[in-house]
């Protein structure tokens with residue numbers, strides 16, 4: 001990628017069908033972990049008109065009223081009106097949940113003579129960049145903030161005619177590798193049927209777009225697409241089927257970094273798809289926060305049942321202050337990338353996952369997002385032989 005380029009990322013609201021599914025899956029995970037931190041959980045959710053289906057594998061001593069929990073999540077998201085076509089009181093809740101395969105458990109569980117292994121093979125990436133205050137790419141950061149603002153003005157009745165389903169997309173222009181302008185903004189939001197499109201466009205511009213995007217990035221040629229197809233009354237699970245794990249680029253870096261392919265929601269931290277991706281973010285963010293690179297991407301890989309990663313590699317895109325081989329050595333010295341080690345380091349055996357299931361797993365400032373800490377930055381600078389700021 002050259003130093004001058006255009007880049008676009010998208011996000012979706014908590015009321016988008018796929019995000020409803022992610023939040024239900026993680027709500028179930030949290031409810032189980034609250035009672036049984038060592039549980040093995042892999043829960044998938046499907047949502048469609050009048051229906052929520054849970055399926056997967058769970059091994060636990062906990063008991064959860066999944067029907068009540070599903071209805072609570074759907075209600076909190078904002079599907080509380082039968083006129084929308086999907087609501088918390090009338091939707092059916094179906095479950096098809098079994099136990100984790102003993103063949104998998106044999107390799108993952110910790111015994112006296114067996115260290116906890118990875119829950120599956122796979123490759124995971126972590127990424128950070130110094131272009132925003134949260135060390136995330138600007139396009140995905142502001143795409144998230146747009147749909148977060150949509151939910152805020154909907155729930156606080158600033159724009160009471162908004163409905164839960166929404167999508168955003170932001171196109172940034174980069175020069176010398178840094179974001180300098182917004183070239184296009186797309187905001188599609190579900191709404192009540194009796195609102196004029198002109199009123200929707202004006203309100204979205206004032207209460208959402210101008211509220212979120214820094215004015216210095218907006219210019220006379222910035223293009224705005226607000227509900228570009230016109231009416232957006234039919235939305236949510238009525239308009240589209242929703243499934244857990246279908247928004248993995250929204251969940252991570254908006255396409256700016258590579259992705260190993262594994263989804264996060266509904267998975268307990270023994271699944272390295274989730275926990276190692278969180279650790280990858282933690283490592284990359286601390287490298288950037290330490291000033292060892294302006295951009296950093298780390299890849300780790302695992303074999304099922306094996307504790308040690310099968311590989312660790314780092315790319316700094318020409319922005320590193322020390323060699324990438326040295327960075328890998330520092331990572332091996334200061335971060336425990338074995339499944340048990342990263343679970344312990346990030347304190348992942350807690351009911352902290354539902355908030356991750358909307359508006360991105362990374363770049364968040366809530367205290368439960370332990371992988372967003374930069375507490376290793378000074379240690380890395382010192383180990384690299386650089387003065388501590």
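Cβ from N, Cα, C; glycine included.
On a predicted model such as this, the values are computed, not experimentally measured, just so you know.
Listed ranges 100-110, 111-121, 122-132; the one Swiss-Prot annotates as region 'Flexible loop' is 100-110. For the binding-site residues 18, 44, 166, 240, 247, a Cα-Cα cutoff of 10 angstroms around residue 57 (L-methionine binding site) retains 44. When other Cβ atoms within 10 Å of the Cβ of residue 247 (ATP binding site) are tallied across all protein chains shown, the result is 25. Max Cα-Cα distance over the annotated ATP binders (16, 165, 166, 167, 240, 246, 247, 263, 267) is 25 Å. Residue environment of residue 57 (L-methionine binding site) contains 15 other Cβ atoms, counted within 10 Å of its Cβ in all protein chains. For residue 247 (ATP binding site), the nearest neighbour among the listed binding-site residues (18, 44, 271), judged by C-alpha distance, is 18.
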